[in-house]
């Protein structure tokens, strides 16, 4: 399926991991990816474990984990800290649910403002602009 993922240069490594070279360097600066030794007069080489680690970071980012949270998950990656990893995921799930609630409120307020704009077409005052200027708060805006 995949070619040999050992002894890779940074460019080949980045491509195999699905990122660019600057992402690799950024992860190294952040401590998410160890920087391999550089043999005298040679270039650093990366392996399959490095590719797997970068893919892990990208997957965790897609789930909404911050780089600090990902660093913590990587620290727990020895298989003996499932409870701690689960706790981190539970906190992230709660954050996601709170954001979804906030987004639903925002959607309601924006929908009302758009409707009000369409209903008052031709009037001098736009309800959306007036609301954003603080002249009149739409229903539910205080909850956002």
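From the backbone N, Cα and C atoms, a Cβ is placed for every residue, glycine too.
Lifted from Swiss-Prot, the feature list:
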| type | residues | note |
| --- | --- | --- |
| DNA_BIND | 10-29 | DNA-binding region |
| BINDING | 82, 117, 126 | Hg(2+) binding site |
| DOMAIN | 7-76 | domain 'HTH merR-type' |
Helix, strand or coil for residue 126 (Hg(2+) binding site)? Use DSSP. coil
Report the DSSP secondary-structure composition of the DNA-binding region (10-29) as helix, strand and coil residue counts. 17 helix, 0 strand, 3 coil
Validating a neighbour-count step here. Other CB atoms within 10 A of the CB of residue 126 (Hg(2+) binding site): how many? 15
Per DSSP, three-state class assigned to residue 82 (Hg(2+) binding site): helix
